[in-house]
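*Asks:* Quick one: structure below, then a few questions.
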Amino acid sequence: MKIIKLTTYRVPPRWMLLKIETDEGVVGWGEPVIEGRARTVETAVQEMEPYLIGQDPSRINDLWQTMYRAGFYRGGAILMSAIAGIDQALWDIKGKVLDKPVYELLGGLVRDRMKMYSWVGGDRPSDIIEQIRTLQQGGFNTFKMNGTEELGMLDTSAKVDDAVRRVAEIREAFGSTIEFGLDFHGRVAAPMAKTLLRELEPYRPLFVEEPVLAEQAEYYPRLAEMTSIPLAAGERMYSRFEFKNVFAAGGLSIVQPDLSHAGGITECLKIASMAEAYDITLAPHCPLGPVALASCLQVDFVSYNAVLQEQSMGIHYNQGGELLDYVINKEDFKIVDGYCKPLPKPGLGVEVDEERVIAASQHAPDWRNPVWRHADGSVAEW
Ligand SMILES: O=C(O)C(=O)C[C@@H](O)[C@H](O)CO
Ligand SMILES: [Mg+2]
């Protein structure tokens with residue numbers, strides 16, 4: 001079997017789907033994308049074609065190493081997202097050829113169902129209580145929200161009080177019947193992180209995500225020393241070579257590699273396994289589309305330390321498109337009592353509605369995240 005064609009489709013709300021075709025008619029789908037840089041990743045995928053066209057798609061490890069090491073300059077968000085989507089599609093092909101779900105090719109199920117969580121509150125967290133109540137009726141009991149709005153490197157007690165009040169209201173309304181993570185989203189600089197963690201401690205958030213920017217990962221062990229709140233990060237790290245330094249330095253309790261940013265299934269499996277050796281749990285980042293989610297679930301179902309899975313149903317980023325819009329086998333992604341079952345179909349387990357993808361790709365937006373400004377006019381972390 002040989003790879004004969006790669007086709008990318010940028011589609012609403014902000015995703016990109018990749019179709020890899022073979023000379024024997026087997027097709028694999030991947031989701032290479034960096035939110036806000038879809039066109040850049042699309043070009044990176046096209047630049048990987050010389051390593052792929054004419055090659056045997058079953059040799060995923062060699063193709064992965066070639067895509068990574070053949071370029072003198074490697075790693076980073078764009079190239080690792082391109083490799084990620086290609087890797088996903090190659091695993092999809094392999095599973096379809098062998099008529100097995102990918103998790104069967106990776107040693108079989110380590111669990112019967114996977115715990116899922118849902119975002120609430122939007123970019124500027126609001127209406128949290130009502131949204132949690134609604135999602136609870138749908139079976140969710142674990143949630144994530146932004147911990148703050150924009151925050152200066154050194155900001156006011158009033159801003160801290162806002163963040164704490166929101167969390168206090170959640171605990172007041174739901175007690176311990178729900179769990180919630182707070183995503184600091186890189187908005188909190190080191191000077192404020194300690195104060196916020198201290199003030200939030202009494203409300204026991206399940207985790208605090210990106211307590212500081214990945215560029216300041218050296219703070220993770222220091223922050224972990226002063227709080228019992230589990231710290232989570234990983235969506236902005238792109239290979240095991242980055243994660244190894246963070247694991248060795250300590251401080252992280254939850255690692256969140258993104259299956260569409262960190263080299264795909266092949267790489268994220270290695271990251272998951274490294275994390276397990278450090279007693280770090282796995283909670284793959286996935287605010288994206290169905291192929292990314294299916295790839296996450298394939299890793300979740302073979303990773304002992306997988307504890308939580310993000311999914312984008314109803315997420316505030318999904319304007320103009322929803323998680324399962326391009327999926328034929330929607331029923332396989334059903335979440336019951338907050339859990340998802342293993343995807344039963346061969347390959348990644350997602351049957352892509354290609355007609356719908358092609359139609360939607362005719363009016364794909366160039367999604368960009370907003371650029372926020374502080375009161376003094378300086379740019380704020382979004
Ligand atoms: O889901 C998360 O944890 C996020 O922080 C969302 C962020 O990754 C956006 O997708 C960036 O556009
Ligand atoms: Mg996040």
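Counting begins at 1 with the first residue displayed.
Cβ atoms are placed via backbone N, Cα and C, with glycine included.
Because TrEMBL annotations are produced automatically, they should be read as predictions rather than curated entries.
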*Asks:* Just to be sure I read the record right: GLU209, GLU235 are listed as binding Mg(2+) in TrEMBL. Which of ASP183, ASP279 is listed for the same site?
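*Replies:* As annotated by TrEMBL, GLU209, GLU235 share the Mg(2+) site with ASP183, chosen from ASP183, ASP279.
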*Asks:* Can you count the other CB atoms that lie within 10 A of the CB of GLU209 (Mg(2+) binding site)?
*Replies:* 26
*Asks:* Where among the active-site residues HIS185, HIS285 do you find the Cβ with the fewest other Cβ atoms within 10 Å?
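*Replies:* Checked HIS185, HIS285; of these active-site residues, fewest Cβ neighbours within 10 Å: HIS185.
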*Asks:* Looking only at ASP258, GLU310, the recorded sites on record, which one has the least crowded Cβ, with the fewest other Cβ atoms within 10 Å?
*Replies:* GLU310
*Asks:* Tell me the Cβ contacts of ASP183 (Mg(2+) binding site) under 8 Å, same chain only and six or more apart in sequence, or just say none.
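*Replies:* Counting only residues 6 or more apart in sequence, the Cβ neighbours of ASP183 (Mg(2+) binding site) under 8 Å are LYS144, MET145, ASN146, GLY147, VAL208, GLU209, GLU210.
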*Asks:* Spatial neighbours of GLU310 (site 'Transition state stabilizer') among the recorded positions HIS185, GLU235, HIS285, defined as Cα within 10 A: which are they?
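*Replies:* Close recorded positions: HIS285.
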